[in-house]
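Undergrad: Grabbed the feature section from TrEMBL, which reads as follows:
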DOMAIN    1-385  domain 'Major facilitator superfamily (MFS) profile'
TRANSMEM  21-38  transmembrane segment
TRANSMEM  44-68  transmembrane segment
TRANSMEM  80-99  transmembrane segment
TRANSMEM  111-130  transmembrane segment
REGION    148-170  region 'Disordered'
TRANSMEM  193-214  transmembrane segment
TRANSMEM  230-250  transmembrane segment
TRANSMEM  262-282  transmembrane segment
TRANSMEM  356-376  transmembrane segment
REGION    385-407  region 'Disordered'
COMPBIAS  390-400  compositional bias 'Basic and acidic residues'
Amino acid sequence: MILFQLHGFLCIFKFCSHNPFRLIGVGLSVWTFAIAGCGCSFDFWSIAICRMLVGVGEASFISLAAPFIDDNAPVEQKTAWLATFYMCIPAGTALGYVYGGLVGGLFNWRVAFWVEAILMLPFPILGFVMKPLHLKGFSPMESKLIPTSNEPRDGEMLAGDQGLKGGSKSPSTLMDHITRFSKDMQELLRDQVYVINVLGYISYNFVIGAYSYWGPKAGYSIYHMNNADLLFGGITIVCGICGTLAGGLILDKMTSTISNAFKLLSGATFLGAIFCLIAFCFKSLSGFIVLFSIGELLIFATQAPVNYVSLHCVKPNLRALSMAISTVSIHIFGDVPSSPLVGILQDHIHDWRKTALCLTSIFFLAAIIWFIGIFLRSVDLFNEDDDDQSTTREQRRPLLEDTSYEA
């Protein structure tokens, strides 16, 4: 619940932030500090708190980076660009396995966190110093009121702007932001396409989270691998990068629509689940590696399409919140509970092959949920302007931009 509250705070904060990239800077600063804190942790609770703080940076970054890519990518390559961004997730996770398998015995585990924090340090700095950029659906908050021929001048006051005295901005209370957040949340939860997409993503991430935690242990127990970390890491790096990029490219070739995205999500997940199930039924290690690699290629093809749906099924001003709630949901209901639940199941079954088969079968649930999305009435709202945004754009322009501002 603490993690959820932190994410919720960021969701509200994005409405009152002056610059989207400054919010990324704030989030990544907390993320970098938390990663360094993990390396300095001295007991379970200290590292648990630091790991929760890592979620703050993830929320701010993912929530704004994806809309930024969506705004700037060519129309015919939107999902390919998103795929390039999201392939870093499986690649980074797999590198952790490789680190543990290759040099984990030579260096203390704390070194990995410290090196990661040092390498990440330039990015939060960039978020603070970077010139403000406008995101579609965001009010140009770092702006000032620009008088027009229809606006009063020389000390006159606009109706409804009695709070603007001496050039100060209209006051905005915390309750206003909470009310706006509540209305936006209601709009998201009423969106059947968005809800179905996130439910499928939760089921999918339930399996992926448990794979990432228990995969090497299961592999060692079933196939007696000499170095399960290195093997699983290598497979995930190759299949994660290739599969994620392939999913984005295929959706672009199909024509990027919400309906086509659901078709790719359900089809790839269903076929990937079949290959992974058959892989765990094989008794030979070589057969397992071949079939599991094919399954992972198909499974990771979902990364770009699932996030494309979350970005395009909502109005532009809701994209950041859409991505934030999706990220929160897949962690709270997906990968966080999956690892302990799978551990409990294994304690009762005492057979990693059966446990892996039970876990993998949940991919079919994700495929069914996304299959339902194909038949929902879906409208791409990327080009739909919010009324409040249109009004704001007419009245305001950024301080750091040229005198001619285009939304």
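Placed from the backbone N, Cα and C atoms, the Cβ positions cover glycine too.
How buried are the listed features, and what sits near them?
TA: Among residues of the same chain six or more beyond the transmembrane segment (80-99), those with a C-beta under 8 A of the stretch's C-beta atoms are 65-66, 69-70, 72-74, 112, 212, 216, 229-230, 232-237, 239-241, 243-249, 252, 300, 303-304, 307-308, 311.
Sequence-distant contacts of the transmembrane segment (193-214), counting only residues of its own chain at least 6 positions beyond either end whose CB sits under 8 Å from a CB of the stretch, comprise 93, 258, 262, 265, 269, 299, 302, 306, 309-310, 313-314, 322, 325-326, 329-331, 333-339, 341-343, 346, 355, 359-360, 362-363, 365-367, 369-370, 372-373, 376, 378.
Long-range Cβ contacts of the transmembrane segment (230-250) within its own chain (Cβ-Cβ under 8 Å, at least 6 residues beyond either end) map to 79-84, 86-87, 89-91, 93-98, 100-102, 215-216, 219, 264, 268, 289, 292-293, 296-305.
Using a Cβ-Cβ cut-off under 8 Å and counting only residues 6 or more beyond its ends in the same chain, the transmembrane segment (262-282) has close neighbours at 197, 200, 204, 222, 247, 250-251, 254, 288, 290-292, 294-299, 301-302, 305-306, 309, 353, 356-357, 360-361, 363-364, 366-368, 370-371, 373-374, 378.
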Undergrad: Taking pairs 6 or more apart in sequence, does the count of Cβ pairs under 8 Å between the transmembrane segment (21-38) and the transmembrane segment (111-130) hit 3 or more?
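TA: Touching, yes - the transmembrane segment (21-38) and the transmembrane segment (111-130) meet the threshold of 3 or more Cβ pairs under 8 Å.
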